[in-house]
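Enquirer: Pasting the relevant annotations from TrEMBL:
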DOMAIN    22-340  domain 'Aminoacyl-transfer RNA synthetases class-II family profile'
BINDING   E96, G97, T98, R126, Q140, E144, R271, Y275, Y276  L-histidine binding site
Amino acid sequence: MTSTSTQVSTAPAQAQAIQPVRGMNDMVPADAAAWQRLESIARELFTAYAYQEIRVPIVEHTGLFKRSIGEFTDIVQKEMFTFDDPSGDSLTLRPEGTAGIVRAMISNGLLHNQRHRVWLAGPMFRHEKPQRGRFRQFHQLDVEAFGYAGPDIDAELIMLSSRLLKAVGVDRVELNLNSLGTPGSRREYREKLVAHFSAHKSKLDPDSLRRLEGNPLRILDSKNPDLQDIIATAPVLTDYLDEESRAHFSGLCRHLDAVGIKYVLNPRLVRGLDYYSHTVFEWVTTELGSQGAVCSGGRYDGLVTQLGGEPTPAIGWALGQERIVELLRVQGVNAAANAPDIYFVIAGQSAEAEGLRLSEKLRDSVPGIRIETNCGGGSFKSQMKRADKSGAAYALILGDTETERRIVGLKSLRVEQPQVEISWDVLATELRNRLNKA
Ligand code: ATP
Ligand code: MG
C-alpha cells in the first residue's frame, strides 16, 4: 500500500486536567514571599522565647483524637479525615497539633519531671465546608508549654502571640480572654447551663440539641442569630469560678496589664475542644467575615493524664496561617518579593561556555547573592525582557565580545544609570559593594 496524503497526528491526545481536592490549596510561587516571611519571623520569635521545634506525624491513630479532642466536638463528630490503612488500623489525618504533640511527649518520655517549650508548624486537615478562611487542608503555627502551672507562662505565651502578630504587621485584631476554671467549678456551672437551655428547649436548633447532651458549653459558641437571646440570658461561667481559678485568672490579667497587652473579657468564649481548663483566649478580627479567629489557645492541665502520661500542666495556642496571610493582604502589608539581585544575560556561543562558571564563582565569593542565570538561550532582547520581569536590581550582560575581553556589562534595571563595563577580576568586589553584601 502506498501512503496517502492524509496526515495522522502522532501527538497523544491531551488528557483532561486532574482537579485539586476540594478545600485543599496550592501555595503558588507568587504567594511564597508572604508565607516565608510569616514563618521566618515566627521561627525567630519562637527561638527568642526559648521554644524548640518538634515535628510529629501527620497521621495518628484515630483513637488519639477521639480521646483528646472529645467525642462530642464538631471535629470528632464530623470533620475528621479518617481511613483504614491496609492492615485495618483506623488512622486519621491530624485535625490539630496539640494531640499529636502530647502523644509524642509521652511516647518519648519527655514529661517525667521536665519542662518543655515546643513549637510545631504544618498542615492540619478538617472536613469542613470550604469558604473564605476555612479550608480542608490548612496550616498552623503551634506552641505548647509543658510542666508549667502558670499563670506566668499563660501570660508569656500570650505575649509571644502578641509580639508575633505585631511583628508580621497584623494590627486589626482584638484579644478575647476567659477562664473555664477547674473541672470542678465547671461541673456546677454545667448543671445550671443545662437547666437554662432545657427550659428553652423548643427554641434550640438541632446542633444545640445535640450539644445539650454532650457538650452544653458549646451552645454558647453558636453563631445562629435565633439563639442569641437565650445565650445572652444564660448563666455566666465566671460567676461560678472557685477560689483557685479566680486567683489564676487575676494573676494572668495582672501580668498582661503590666506589659500593656489589651484584652476583652469574654465570658462566652468557650472554645471548641473539650480539653481546656482555666485560661482560654482567642485573637479575633472583623476583617475576614465570619472566619474571625486568627490565633486561639488555652490551658489543658488534664490532657496529658487523659492520654496516659504523668500529670503535667500544659498550655498552648495555634495560629491559622491562611487567615494571617489573608489578613495581611486585606491590610495591604506586602512582603518584599524574593527577587534576584542579578539577572545574568548570556548571549552567544563563547558566552554560554563561560556563563554558568562565572555565576558559580560569584556565588562562591559574594555571600548571599541571588543570581538568576539565563538558561535556555534566547536573543539579547528577549533575555533583557526576562531580566526586567524577574525584578532583579541589575542585569549582568555577557556576549561573545565581552567574553573575549574578559568583562561583563552591568546595567541597573531600576534606576537610570549608564551601563558600565567590569573586568571579571574585580566583579565580585564590585557586586559586593553595590549590593551591600558583607
Ligand atoms: P473556627 O471557630 O474558625 O472554626 P476553631 O476554633 O475551630 O476556629 P482552632 O481549632 O482553635 O480553630 O484552630 C486554631 C486556628 O486555626 C484558628 O484560630 C484558625 O485561625 C485556624 N483554623 C481553624 N480551622 C481552620 C480551617 N478549616 N481553615 C483555615 N484555618 C483554620
Ligand atoms: Mg472550627
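Cβ atoms here come from the backbone N, Cα and C positions, even for glycine.
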Enquirer: If you count the C-beta atoms lying within 10 Å of each candidate's C-beta, which of the binding-site residues T98, Q140 ends up with the smallest number?
Expert: Q140
Enquirer: Considering all pairs of residues in E96, G97, T98, R126, Q140, E144, R271, Y275, Y276, annotated in the record as contacting L-histidine, what is the maximal C-alpha distance expressed in whole angstrom?
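Expert: Largest pairwise Cα separation, rounded: 21 Å.
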Enquirer: Please give the average pLDDT for the domain 'Aminoacyl-transfer RNA synthetases class-II family profile' (22-340) in this predicted model.
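Expert: A mean pLDDT of 93 is what the model gives the domain 'Aminoacyl-transfer RNA synthetases class-II family profile' (22-340).
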Enquirer: Suppose we draw a 10 Å sphere around the Cβ of R271 (L-histidine binding site). How many other Cβ atoms does it contain, all chains included?
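Expert: For R271 (L-histidine binding site), the count of other Cβ atoms within 10 Å is 20.
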